[in-house]
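Under the heading domain 'Glutamine amidotransferase type-1', Swiss-Prot lists 1-206. Annotation source Swiss-Prot lists active site, nucleophile at CYS80, citing similarity to another entry. The active site annotation in Swiss-Prot covers HIS188, GLU190, and the record cites similarity to another entry as its basis.
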Amino acid sequence: MITIVDYGLGNIKAFANLYKKLNIELVFASDVNDLANATKIILPGVGAFDHAMQMLNDSGMRETLDELVLEKKVPVIGICVGMQMMADSSEEGQLKGLGWIPGTVKKFKRESQALESQYPLPHMGWNSLEIARTSELLLGLDEQKLFYFLHSYYYEPNDKEHVVATANYGFEYACIVNKDNVYGIQCHPEKSHHNGVALLKSFASL
């Protein structure tokens with residue numbers, strides 16, 4: 001059962017509609033009891049890192065999620081801020097992250113006014129992926145590999161082996177990461193048309 005963590009943040013209805021079109025069942029989890037039958041987990045997220053972490057901590061689901069992901073090895077995918085929450089920490093806030101894939105969330109820095117003008121923040125719009133290594137998550141993507149982005153911070157994993165794909169916005173940064181059963185994507189698959197559907201369908205098939 002694909003379960004999306006409903007802790008008050010993220011466009012969960014968009015994922016429900018997308019999976020409904022694929023005839024794949026998806027359920028919402030707003031407490032630990034709803035996680036009991038999870039065989040795959042989606043962790044969405046929008047907004048500020050600390051707010052998202054506090055909302056998840058307050059939901060009462062964090063310990064159960066740690067158990068499912070780290071001990072029972074249930075596949076999980078974090079999306080946008082949901083991916084950033086998988087890091088150890090973020091320059092945006094003070095709270096600790098989940099630490100599922102060691103790394104730090106950093107803010108895009110602009111060393112000159114020209115760069116700031118060319119690459120304004122937030123990074124908003126379409127960008128293509130550069131594949132760093134093969135992954136089942138990437139099956140079915142088209143040749144251009146365009147995805148929709150909206151963010152001002154990026155995830156820098158400690159181990160480059162965890163980088164699946166990168167994007168370029170003034171410099172190359174990780175936009176898809178993976179360690180064992182843990183996946184994270186910075187872009188918004190629910191807004192990325194064919195490629196977003198293909199990626200979420202591939203996650204359902206893991």
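For all residues, glycine too, the Cβ spot is worked out from N, Cα and C.
As the structure is a computational prediction, the values presented were derived from the model and not from experiment.
Counting in whole angstrom, GLU190 (active site) lies 11 from CYS80 (active site, nucleophile) by their C-alpha atoms. On the backbone, the CA of HIS188 (active site) and the CA of the residue listed as 'active site, nucleophile' stand 7 Å apart. Annotation for CYS80 (active site, nucleophile): same-chain Cβ neighbours under 8 Å, separated by at least 6 residues, are GLY10, PRO44, GLY45, VAL46, LEU150, HIS151, ILE185, GLN186, CYS187, HIS188. Counting every protein chain shown, the number of other Cβ atoms lying within 10 Å of the Cβ of GLU190 (active site) is 23. In the three-state DSSP scheme, the residue listed as 'active site, nucleophile' is classed as coil.
Its Cβ placed at the centre, HIS188 (active site) has 19 other Cβ atoms within 10 Å.
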